[in-house]
């Protein structure tokens, strides 16, 4: 029996795991590298060495999260606070689980982990010591331990000596639930949370992102109840200390626009905002790698080296990687510690209060302006709407826009009613004197996408304050304040109506989009806070 750093089998017995052969506690990167490449490993446990020095793994049939298999125990702790899938008008993934079924699932996972050699990783979620979660991850798979070591904040030796976990994640990816039908569940796989026991259970899915986004969902529950904003956004800071946060759904430019040589990165995906300022939840990045090239995204490409962990990429016989191959999944990924990126905030991923809050949308309808300045109520309205749209081809070759509305630009990870996140964000913004902007990185009446050059000039104008002093006019129907001119931006594109052959053409498309906004927002009118915000949206 080898016990590391005082972690005893008795401590694991408290979680229901018995007869542990060996505990590999907070393994070093070098040890994980050896473990992942152990030639005796088979199946999804096995890692493959690539020519870039990073290990690649296969996550099996699950190459993304499994939202239909997500459950939260409904008990006295959560009954009146959680945003439940079976209550109210809004649709979400927070399906209730009975305490009895939870005990059954816990028994399956603890049985799977008992009698095994286990990897235990203690890490922090949240860069602020006052509000961070101390999380203990328990798994029998070396690369899953590597994933959480990359993605969460790695404690110092001193912090580890006094580490007391306040959340436990037990990953039993190899076990499934044969009684799922009788229990009324979605499938034999499960990702379940218990806020009373402060525990997450994983069964059947090997996808690493379940641990990352699982803890994000928990921060999204715990922090807003303390008045702290919990945000699905990227964040950066200027040399002078001016902080900006960028909200946006996939494909809107969140990573591209927050990666700015003039500014340092705080983080790329999950942040909190408390009395001290904006802080990263994570200690790493989880970047998409499909069609990755050294020329287009040198920072991410250069981060793929020893200690990075690739998922579901195609590795050729000679160890080279085919980043263009999406045959396994389009959601190929790499996790790496944040210090693999050069231009970051050090030593801790946090900064002061944000003064600029940017909502990115890619409007394929061609209606919204490239930039507008939002009022406090409009800020809440557009935050709750979380709008973007893609162009999807139809069989006749016509490209029709497909709208997406995702509350708070991250509906899949919300644990409370969306209006609670909007209220906390606006309070934080008001206290900091922050201003919000809606930036359309999508299309206009010409049918072309707004150029990255123009969008970068708009972001620069927001960040250097010139947009705050610009004269504005109001776009009808959406009541958005648009600047009359901005340095470095073609004035003609600022008013979307100018990009159409006639104002009537814009009007027609605007009515279509306004109706979509109004219909979507109806789900928030079941609370007084939501109903009061209808006036801040479009009017037909």
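Each residue, glycine too, has its Cβ placed from N, Cα and C.
Here Swiss-Prot has 207, 213, 333 binding substrate, and the candidate from 65, 74, 79 in that same listed site is 65. Of the listed recorded positions, namely 87, 333, the sparsest CB environment within 10 A is found at 87. DSSP assigns residue 256 (ATP binding site) to a helix. For the binding-site residues 65, 207, 269, 333, a Cα to Cα distance of within 10 angstroms from residue 254 (ATP binding site) holds for 269. It is 523, among the recorded positions 65, 213, 232, 254, 523, whose Cβ has the fewest other Cβ atoms within 10 Å in the structure shown.
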